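Asks: Submitted below is the structure of interest, expressed as structure tokens.
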Amino acid sequence: MGRSIFSFFTKKKKMAMARSISYITSTQLLPLHRRPNIAIIDVRDEERNYDGHIAGSLHYASGSFDDKISHLVQNVKDKDTLVFHCALSQVRGPTCARRLVNYLDEKKEDTGIKNIMILERGFNGWEASGKPVCRCAEVPCKGDCA
């Protein structure tokens with residue numbers, strides 16, 4: 001009975017900010033990946049340098065992801081959808097996506113990020129299904145190569 005109306009709305013706002021993570025296939029992502037509202041986040045470590053990457057993707061290695069998470073949020077401030085991947089999207093990609101969700105929920109500020117997704121089968125699945133692979137050395141990749 002001691003709860004104020006303010007605490008009711010504050011609690012409701014916190015619950016509304018909780019984000020979920022969904023999956024997207026390479027076939028679903030291909031026609032969308034160059035849209036200006038989408039950012040592809042590659043969390044592979046060194047293998048990005050020799051295996052190639054999805055054109056236009058941003059690289060935030062999983063090993064240093066926590067240290068650079070605020071930079072990532074700043075870098076994608078004009079995006080509403082983030083798609084995470086690693087080699088297979090079984091460990092590093094989902095882990096980093098969850099870390100971002102936790103970070104955003106802790107910060108409780110509206111970043112504009114509405115959708116956090118994981119690329120099914122990761123980069124290896126993307127490449128194996130014949131999707132375009134960029135092998136440029138540009139950091140960040142401008143996406144001109146595929």
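Using N, Cα and C of the backbone, Cβ positions are placed for all residues, glycine too.
I grabbed these lines from Swiss-Prot:
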type	residues	note
DOMAIN	34-135	domain 'Rhodanese'
BINDING	Asp45, Glu46, Glu47, Arg48, Lys68, Ile69, Ser70, His71, Gln90, Val91, Arg92	substrate binding site
BINDING	His53, Cys134, Cys136, Cys141	Zn(2+) binding site
ACT_SITE	Cys86	active site, cysteine persulfide intermediate
Asks: Return the residues near Cys86 (active site, cysteine persulfide intermediate), defined as same-chain residues 6+ apart in sequence whose C-beta is under 8 angstroms from its C-beta, sorted by sequence, else 'none'.
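Replies: Asp42, Val43, Arg44, Ser62, Arg92, Gly93, Cys96, Gly122, Phe123 - these are the non-local Cβ neighbours of Cys86 (active site, cysteine persulfide intermediate), listed in sequence order.
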Asks: Among the binding-site residues Asp45, Lys68, Ser70, Gln90, whose Cα is within 10 A of the Cα of His53 (Zn(2+) binding site)?
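Replies: Candidates kept after distance check: none.
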Asks: Looking only at Cβ atoms, how many others are within 10 Å of the one on Arg92 (substrate binding site)?
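Replies: Other Cβ atoms found within 10 Å: 22.
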Asks: Measuring Cα to Cα, tell me the gap between Lys68 (substrate binding site) and Cys136 (Zn(2+) binding site) in whole angstrom.
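Replies: Cα to Cα, Lys68 (substrate binding site) and Cys136 (Zn(2+) binding site) are separated by 23 Å.
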Asks: Measuring CB to CB from Ser70 (substrate binding site), give everything in the same chain under 8 Å that is also at least six residues away in sequence.
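Replies: Listed in sequence order: Tyr103.
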Asks: Cβ-Cβ under 8 Å from Asp45 (substrate binding site), same chain, 6 or more residues apart: which ones?
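Replies: Counting only residues 6 or more apart in sequence, the Cβ neighbours of Asp45 (substrate binding site) under 8 Å are Ala61, Ser62, Gly63.
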Asks: Would you count the other CB atoms within 10 A of the CB of His53 (Zn(2+) binding site), including those on all shown protein chains?
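Replies: A count of 26.
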Asks: Residue counts in helix (H, G, I), strand (E, B) and coil for the domain 'Rhodanese' (34-135), per DSSP?
Replies: 42 helix, 19 strand, 41 coil
Asks: Please find which two of Asp45, Glu46, Glu47, Arg48, Lys68, Ile69, Ser70, His71, Gln90, Val91, Arg92 have the most distant C-alpha atoms, given that the record lists them as binding substrate, and give only that distance in angstrom, rounded to a whole number.
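Replies: Greatest Cα separation within the listed binding residues comes to 24 Å.
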Asks: Do you know which of the binding-site residues Cys134, Cys136, Cys141 has the most other C-beta atoms within 10 angstroms of its C-beta?
Replies: Cys141
Asks: With an 8 Å cut-off on Cβ-Cβ distance and a minimum sequence separation of at least 6, pull the same-chain contacts of Glu47 (substrate binding site), or say none.
Replies: Ala87
Asks: Take the C-alpha atoms of Cys136 (Zn(2+) binding site) and Gln90 (substrate binding site) and report the distance between them in angstrom, rounded.
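Replies: Per the Cα atoms, Cys136 (Zn(2+) binding site) and Gln90 (substrate binding site) stand 25 Å apart.
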